Amino acid sequence: MPADGDFQEHLSASLKEMKKGPESGACPLAALGNLVESNPDDNSRNGASVKDKDVLSSPGELENIQLKPSKETSRKKLCGYLNKLGIKGPIKTWKSRWFFYDENKCHLLYYRTAQDINPLGSIELSSASFDCKMENGEGIFEIRTPSRAFTLKAISKQAMMYWLQQLQMRRWEFCNTKSRFPVGSSQLVNEPLAGRTNVVDNDDFLPLVKTPTEAVGLKAASLPAPQTSTALQNISLKHPWTEIQNTVYNICGSKQLWGNNENVFSFDEFQEHPSNLDEEQEAEVEAGCAVKEGTLEDGRMESRLNWIRKARWTNSVFPGSHEELSRERNPMDKVSVLQQQILTLTEEVKSQKELVKLLHKALEAAQQEKRVSSMYLTAAEDKDRLELVRHKVRQIADLTSRLEALEQEKKELEQILTLRDSHIQELKEHVQLLMEKNHAKQEVIMALTEQMARELSDPLQEDNTVTAETLYKQQEEIEHLKDDIDAYKTQNQFLNSEIHQVTRLWTSAAENEKALLMKCACLQARNCQMESKYLTVLRKLQEAVPGLPSSHAELVKNLIQESLQWDVKEEAEEGFNLNPVSEYDEYGFMTVPDYEIEDWKLLAKIQALEIKSNKLRSQEIVEKPLRDRWNSIGELNPSAELKSLIRSGIPVEHRQRVWRWIVSRHCSRLPDHYQRLLQQSRSTEHPACRQIELDLPRTLTNNKHFSSPTSQLIPKLRRVLLAFSWHNPAIGYCQGLNRLAAVALLVLEDEESAFWCLVHIVENLMPADYYSDTLITSQVDQRVFKDFLSEKLPRLMAHFEQYQIDVSLITFNWFLVAFVDSLVSDILLQVWDAFLYEGTKVIFRYALAIFKYNEEEILRIHDSVEIYQYLRFFTRMIVDGRKLMNIAFNDLNPFPMKLLRNRRSMHREELEAELCELEQIKAAYVKERAEQGPQDPKEVASEEEEEI
């Protein structure tokens, strides 16, 4: 049948491939050398080299051929037989596997036998953890990788502890050498890693375990593989092609032993050199594949190596046959031994036949697929091809439905697994309780033992002593408990070492990740700066569009349109983004202003990029150290350090606590005072109620908590303003108080706390009459500010006077509402932090700092209309709060409060005198109008009549 032909072709191809082994230096019969020794590159790297003149010297030297020892002692390879728990559906079986550790990749490879050339699989140890549980049985341990858990079993407890300790050591060495950054990386990345990778931990949680030579290493490789109940049970059905390759490889090796008219069971050479067999085998194993057969020019050397391979092959396939044949000289004994070997080979052939049957089925399925494809290609009409395609579509639909069913089953199994994990956690807790009970029982046993010893030592109480049998049972139980204690101590030592090493690896990975994130943040900040500069150039070109040619103007418009279509919020969807600029910040303020004017939309885009760049640059350098300093502060007390921290800005997680503390220091809360005010506002309507209702929809329109009439904070703001209007009847309500109360609500969240914060601002921080009907103190502060502006920024003030700019038209609202709706939210709250703690002097400092921040830009404008237009929005372009804070509190010093009080009193007197003069003029005018008497309406001609 076709399937058999294809299989024979595959088999012949495999034979050809395996026969190339000796030519390429693969050492087909020295499979053990391939498994326990590293590749030639590793040998050369470790310092071991074999020269031709050392290999091919003379027949006498060939008798004692050995590799030259390296200058440094070569490290022993980690290999040996372990039982691996395999899962066949619901059935779990132990399978014997040969394990070998690959130092280059930090992988633990496993084979069916030590003579196989291709591994059945591997376990990645670089990200794995190890665990051993004494309750699972002696010698059983687990290797957990992110994708799978492997359960292994050693022949003894000592072998298990040796494997675990060696795997731990080699995993640490691999991770320690591979986790360093390449040469040439930036200093920003390398600085956090300095002095980390060469850390050597001297804490010995677990003493060094002695090597069990009978279970691990080269001698274990020469021993026969542990036998299972059936030959087929140890075959890996998941890797049939690997099994075939290994089997063909072994068959090729046996054919070479039988070829050239030699008898594989002729042991003349073996009898001649019985004492040197183990040494020569070990020498060849240690050499591995470093000595290629192509370099053997002397036939005697080749025959010598062939003899070594024959001895190993016969020893691995027929364990004990050499000793039996050499020991039994009579023909009958030799025949019996040979018959037993024939039976062993027969069993092996049977297992291989079953494997071939499985492969026949796979080949038949492939042939069926091939025939269907041939039918499709040879179909004469399109109808036949269409029918074949429809049949395939139906098959695909069927497979899709099966896949969906399997996906559903997978989800159910994941849910079951979650439940089982919770059950396992409960069982662990139960085990902990049992261990505690066991400890208590051990103490009781010790107490009873001491009591028993005392009673036995007293001859007067012989009648009350327990029998010898009972005492023996108790002593036996005590011995068992001591063994359990020793086992748990060993387990605890290993788990402590595992936790310690995994923690070190995790710390190293976390620091590497932190350094990479810092570097990525710097690169993103730089990218944002470049994009901002590009948009700034586009904005300058936008202003110059009327003077450009039509083609250039059209190009500029297209570029601006493309830049506006890209949204900062979509950056998170396009790829990796460390700190995406969301639409709203922590308090609900819009991060990107929504300008209605079309020409300002590009300005909003520039501002968004500047905000993102500033956040990325200051995150690790400024914000993290500041947050650490705030975390170290316990109880709040007035001090110079606290003042400096508050000026630098309060982190979000601490701002509410600090604001409550500041308000409580200056305002003594009256019990139930706020509730009484609310009750009064519900029973009696305040005269300012209508004005409050008009101002509520216009409060913080750029904040999502106040942008809608149905927002949750709108009713709270209404109640706070009504309560304040009843609390302070002299002021009642003034436009601007709604914004102050809204900011207090956003930070403090509680209505009553926001009410007392508003009281603190109006009655303690601001001077009297600041929010009165005349706003006289507010006008005084504008005159004081002009004086400071002339002193601190004389060039800018002269520029304003030259173009007749009245800065009070811009700054009056800054002072009235403490920069609300003028600065971006981050800088606004930073200003409020210092304002609540220090008072109105902070407003003067920041107002001057804002003008100094943009002084050069303003001086470049030489038109009064353009200056006013720039002053309308230039505060929203300030994104570097750290720079603004340094200007306010460092560059503008000295700024004594005494000078501010003197200027206020002086300008207040002048303003009151001016107001008194205005009142006199008004009174004289009213008196004059009254003396003239009322005019006749008919004599007063309207403008329309005059035009007619």
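Quick reminder: no glycine exception, Cβ is built from N, Cα and C everywhere.
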Of the ranges 471-498, 667-694, 695-722, which one does TrEMBL flag as coiled coil? 471-498
With the ranges 1-56, 57-112, 225-280 to choose from, which does TrEMBL describe as region 'Disordered'? 1-56
For the domain 'PH' (75-172), the number of residues DSSP places in helix, strand and coil: 19 helix, 45 strand, 34 coil
Mean predicted confidence [pLDDT] for the domain 'Rab-GAP TBC' (649-839): 92
